[in-house]
Amino acid sequence: MPSLPVAAAEPMAVDESASKKSKRKLKAAEVEVEASSRKKEKKEKKRKAKEPSPSSSSSSEEEERSSTSSDEPAPAAKKAKKEKTKEKVVVEEEEEDDDEGELTASGDEDPADPNALANFRISESLREKLKSKGIKALFPIQATTFDLVLDGHDLVGRARTGQGKTLAFVLPILESLVNGTHKASRRTDYGRPPTVLVLLPTRELAKQVHTDFAFYGATFGLSACCVYGGSDYRSQEMAIRKGVDIVVGTPGRVKDFVEKGTLNFRSLKFRVLDEADEMLNMGFVDDVELILGKVEDVTKVQTLLFSATIPEWVKKLSLRFLKSGKKTVDLVGDEKLKASASVRHLALPCNRAARAQVIPDIIRCYSRGGRTIIFTETKESASDLSGLIAGSRALHGDVAQAQREVILAGFRSGKFLVLVATNVAARGLDINDVQLIIQCEPPRDVEAYIHRSGRTGRAGNTGVAVMLFEPRYKFNVNRIERESGVKFEHISAPQPTDVAQSAGTEAAEAISSVSDSVIPVFREQAEQLLNSSGMSAVDLLAKALAKAVGYTDIKKRSLLSSMDNHTTLLLQTGRSVYAAGFVLSTLKRFMPEERLADVKGITITADGTGAVFDVPSAEVEDYIQGAQNAAMVTVEEVKQLPPLQEREQSGGSRGGGRFGNRRFSGGGGGRGGGGRGFGGGRGRGGGGGNRFNKRY
């Protein structure tokens with residue numbers, strides 16, 4: 001290794017404490033004198049006999065070194081050799097210090113932190129992978145459960161979403177497979193069955209967990225695949241048949257592969273249920289129990305169950321499928337996070353495709369002309385959305401620090417009033433007069449919701465926090481309510497009439513502020529227009545205001561999905577409505593069957609006496625007029641959504657066909673199997689019923 005200049009060692013000490021600095025300097029001085037003395041050993045035997053011990057004071061050593069250099073100057077060659085020796089000694093000392101304080105010098109770990117990576121049985125290669133992601137220490141749930149899992153215990157872990165539950169099972173499972181109890185039984189042959197199965201309620205969660213297993217598992221040559229509905233079945237099947245170590249997936253697709261015989265659990269060592277309470281909420285009870293029940297020898301399988309809450313089904317699940325000696329780790333307890341009482345919390349159903357049209361209208365109706373912060377989950381969506389909203393700026397991780405400061409200064413000063421930001425980029429914002437917060441989707445982490453919504457309603461002010469959600473993922477709204485204590489006020493997207501009225505009010509105020517000096521210039525044209533229009537002055541002025549704010553006509557907007565040019569209708573039949581199939585059958589009595597393809601989002605009312613659904617606005621009159629010719633049927637346009645059911649009473653949550661979600665599942669269970677007239681398995685229409693099965 002080439003020698004480094006002595007100065008190269010100095011930066012290593014910049015961040016050291018004063019005491020450590022002194023100790024290091026003293027040690028360097030001692031080594032330096034010792035090396036110098038050794039070189040003169042042959043010529044100065046008497047001096048060698050009197051050579052100071054390593055415990056001598058630094059001042060005596062400095063005097064001795066000074067005397068040596070002044071009284072007996074060395075030749076040039078000897079001096080060069082001496083400098084080389086000094087360099088070598090100091091560099092060696094630097095390398096020693098590097099080894100000793102490696103984790104702090106590089107800014108990685110703090111050994112004083114009990115949760116530092118070095119304090120756990122994590123292999124060096126995996127530690128390096130974690131450091132590459134900026135992870136220096138384990139989160140509480142990870143630290144608390146690591147040894148329990150690695151030592152082979154079944155586990156029930158309770159922690160809020162977003163607290164690091166994924167790595168709480170990823171890390172110890174990987175270590176166990178490669179360096180722990182399962183090392184000897186590890187297989188690498190073609191077609192091998194999986195050793196790890198992880199179940200999650202949604203494809204988004206499954207993909208996130210799969211990403212972690214794939215990234216960290218690659219360190220040990222472990223392979224992982226992700227299986228979920230709505231994607232290519234064949235490619236997932238081939239991945240399993242080739243042989244895989246870890247399978248991550250949603251219950252429905254995993255069940256398919258199990259029943260087909262593609263997936264077997266003969267070599268299974270771990271099974272993990274993450275977000276177990278959400279699996280209950282989404283109707284996966286039967287699927288989960290069937291999958292867990294396929295393990296023949298449970299004594300050879302370690303089961304890990306993670307959940308934010310422990311409802312009765314989760315308790316029964318743990319008693320039935322986990323060993324009696326299971327461990328429980330609860331980081332939630334009875335605590336309940338609190339959102340600001342000065343904030344009005346609103347939840348608004350909105351399909352992803354409608355966001356760009358709906359968000360500007362939310363701003364117009366709820367911001368009161370003040371500042372708005374819009375939170376997105378990705379920097380790409382932040383950039384895209386800011387490009388669609390006039391007068392807005394994006395703030396995310398790709399924005400340079402200098403530009404970030406310019407953007408924040410402009411937002412604070414009011415140069416622009418809408419900031420579109422990712423959660424990470426918005427940390428540290430301290431702006432008291434933000435009137436409106438919009439979250440484009442429910443965050444996985446309830447703390448993130450409270451943190452974001454708390455950006456408004458500060459310093460004694462009141463504010464509004466609007467959270468958008470896709471109707472089929474309404475369970476995420478319930479989760480945040482449950483974990484945070486927030487009670488959402490459920491609203492529909494601002495209707496074009498609401499937005500137009502708001503814009504008209506602003507335009508009227510602007511007109512009132514126009515100087516009277518312009519009246520003579522426009523009076524003649526105004527009189528001509530009034531005389532020729534045949535309208536009253538008020539009506540004519542109303543049209544002028546509409547034109548001024550860009551409204552030449554008023555469009556319709558769905559109350560159910562926020563989609564433009566769609567209208568929400570309410571159907572009632574004078575008797576109970578149990579399923580979407582019944583609604584479609586009723587509509588078929590007075591509407592052509594081909595028109596029913598345009599019916600979207602059928603949802604049963606909370607009292608079970610009717611159902612709401614969307615149709616193209618141009619067809620509204622056809623439905624209303626048609627219902628008048630059908631006995632005991634009424635169809636009307638709704639101005640405000642009535643209370644709605646979470647899911648159909650049939651209990652199905654993933655019904656078949658193009659309407660494959662909880663609203664359209666047939667009777668007979670959680671996945672739309674065998675329902676009357678609208679059953680079918682996850683978009684394939686399997687299951688009994690009439691002609692609507694395959695079509696819808």
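Placed from the backbone N, Cα and C atoms, the Cβ positions cover glycine too.
Since this is a predicted model, take the numbers as computed values, not measurements.
Its Cβ placed at the centre, Q163 (ATP binding site) has 19 other Cβ atoms within 10 Å. The ATP binding site annotation in Swiss-Prot covers A159, R160, T161, G162, Q163, G164, K165, T166 and is backed by sequence analysis.
The coiled coil annotation in Swiss-Prot covers 16-97 and rests on sequence analysis.
Here Swiss-Prot flags 27-38 as compositional bias 'Basic and acidic residues'.
The compositional bias 'Basic residues' annotation in Swiss-Prot covers 39-49.
Annotated compositional bias 'Low complexity' per Swiss-Prot: 67-77, in sequence order.
The annotation compositional bias 'Acidic residues' is assigned in Swiss-Prot to 92-112.
The feature compositional bias 'Gly residues' is assigned by Swiss-Prot to 652-690.
Per Swiss-Prot, the feature domain 'Helicase ATP-binding' maps to 146-328.
Confidence annotation: the domain 'Helicase C-terminal' (357-500) carries a mean pLDDT of 85 in the model. What Swiss-Prot records for 357-500 is domain 'Helicase C-terminal', and it gives sequence analysis as the kind of evidence.
Sorting the motif 'Q motif' (115-143) by DSSP state (H, G, I as helix; E, B as strand; all else coil) yields 16 helix, 2 strand, 11 coil. Residues annotated as motif 'Q motif' in Swiss-Prot: 115-143.
Per Swiss-Prot, motif 'DEAD box' is recorded for 274-277. Residues 161, 165-166, 169, 198-201, 205, 209, 305-311, 314, 317 of the same chain, all 6+ positions outside the motif 'DEAD box' (274-277), place their C-beta atoms under 8 angstroms from a C-beta of that stretch.
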Residues satisfying Cβ distance under 8 Å from T166 (ATP binding site), sequence separation of at least 6: Q208, V209, D212, D274
For the motif 'DEAD box' (274-277), the number of residues DSSP places in helix, strand and coil: 2 helix, 0 strand, 2 coil
